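Visitor: The following feature annotations were taken from TrEMBL:
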BINDING   LYS124, GLN187, GLY219, ASP250, LYS393  UTP binding site
BINDING   HIS220  substrate binding site
Amino acid sequence: FIQDFSKAMSQAGSSQFQEVIRQELEYSMKVELDKILATAHSNEIEHTKKDLEGFKKLFHRFLQEKGPSVDWGKIQRPPEDSIQPYEKIKARGLPDNIASVLNKLVVVKLNGGLGTSMGCKGPKSLIGVRNENTFLDLTVQQIEHLNKSYNTDVPLVLMNSFNTDDDTKKILQKYSHSRVKIYTFNQSRYPRINKETLLPIAKDVSYSGENTECWYPPGHGDIYASFYNSGLLDNLIAEGKEYIFVSNIDNLGATVDLYILNHLMNPPNGKRCEFVMEVTNKTRADVKGGTLTQYENKLRLVEIAQVPKAHVDEFKSVSKFKIFNTNNLWIALSAIKRLQEKNAIDMEIIVNPKTLDGGLNVIQLETAVGAAIKSFENSLGINVPRSRFLPVKTTSDLLLVMSNLYSLNAGSLTMSEKREFPTVPLVKLGSSFTKASTWYYLRRFESIPDMLELDHLTVSGDVTFGKNVSLKGTVIIIANHGDRIDIPAGALLENKIVSGNLRILDH
């Protein structure tokens, strides 16, 4: 008994000690944030204060929570009816008054990211993807086509970050005559935290010059607070808008789907969903994607970062967790307003460690938009075709969408009917294609190869492609260090491995 008692006392002591440390850390953080706020100009004080308040809440939760945030034993498969097949939704058809349904919709694109993964500076949305069209051009064309076809007024809202806002706003002038109203709001700006001291590395509010590395946009889960704080949410509700369709601007498959919209506005059981997440079947390439589970009687998104280490392999299993989140979400505006005002949107914290250019280790506290699904009423997953998930994250993805695998119509890309099988080829381009800018990468292709019958392509080293090259089956091209391979114009490579040194300049 004495042993048990002293153990209990020491545990109580250690938890008290931890509590004291937590309080000290929070107090030190508050002092530093107050110092930062004191450096703001009068016109910056209001929004800086809101940003730092939001950050303080997140930091408080970060200190409270320990370890992976899910209890693996509580995870269950979602009930049958909580994830509907898209075919069933589509089979209901469309009502005659689809235009009045469309007029209740707002399209929101997450536009906070930079094009660094493709070797570009500036907003990713301004990278040319197809026939000189950027991600943003294609998005505007899609919505304009909708508005013209149905005589509707679907607006586009861009959630920018402080990294993308200026460049995006300059570009928006070119759409002033298009039939799409475009609004923007900025996600919050939070201070990066020194990993050792758990204090902000910023000393003042400025975020230009040497201070650019001191701040970060806190993930797309910030959409709820920043959309609400911007006043735009209330304005859109006042205009009679009811749902937003949210997706990443680099997902070229995320177009407005009328069947899903109709299902939301005219539910078969009369009870509207406040939150719909589009999921799709996992392939080997998606094993790290977040999945929908049943957890404490609610649909819940579980990300790999929340999984206890012992269960990571189980989480990645394609047989147990068959679907993953595409981040195409349909959310009721009134529900966002209600939950935001009650401070009732609960999203797990993602701790994102970074090493800055100077070698300093920092952490960023982030949240993910889909994680809020458990806070909404009557949520639903819809298992959509893979074609609705076409993200362009790397130059390998870019090569696919530039090729004849896809045709472009009114801003939407669709898989060519000439392709025999519905899956996309696996493309792995080496560092010669990924480290430089997109412009430099395109110089390696006189024209994009014919890839209609390609299964797998690996390219490594200094390789260039002439005009009208065809690739079929599995093609592996490897130029060793110091060598160069030029694939001649008109070449057909079918199930071939090419290596060594191949210069065809003397022809």
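Glycine residues also receive a Cβ, built from the backbone N, Cα and C atoms like all the rest.
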Visitor: Within 10 angstroms of the C-beta of HIS220 (substrate binding site), what count of other C-beta atoms is obtained when all protein chains are considered?
Guide: 23
Visitor: Provide the number of Cβ atoms within 10 Å of the Cβ of GLN187 (UTP binding site), excluding the reference atom itself.
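Guide: Other Cβ atoms within 10 Å of GLN187 (UTP binding site): 27.
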Visitor: Express the distance between the Cα positions of GLN187 (UTP binding site) and HIS220 (substrate binding site) as a whole number of Å.
Guide: 8
Visitor: Taking the Cβ of each of the binding-site residues and counting other Cβ atoms inside 10 Å, which one has the highest number: LYS124, LYS393?
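Guide: Sorting the candidates by Cβ neighbours within 10 Å, the top entry is LYS124.
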Visitor: What count of other C-beta atoms do you get within 10 angstroms of the C-beta of GLY219 (UTP binding site), across all chains shown?
Guide: 23
Visitor: How many Å lie between the Cα of the residue listed as 'substrate binding site' and the Cα of LYS393 (UTP binding site)?
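Guide: Checking the Cα atoms of the residue listed as 'substrate binding site' and LYS393 (UTP binding site) gives a distance of 16 Å.
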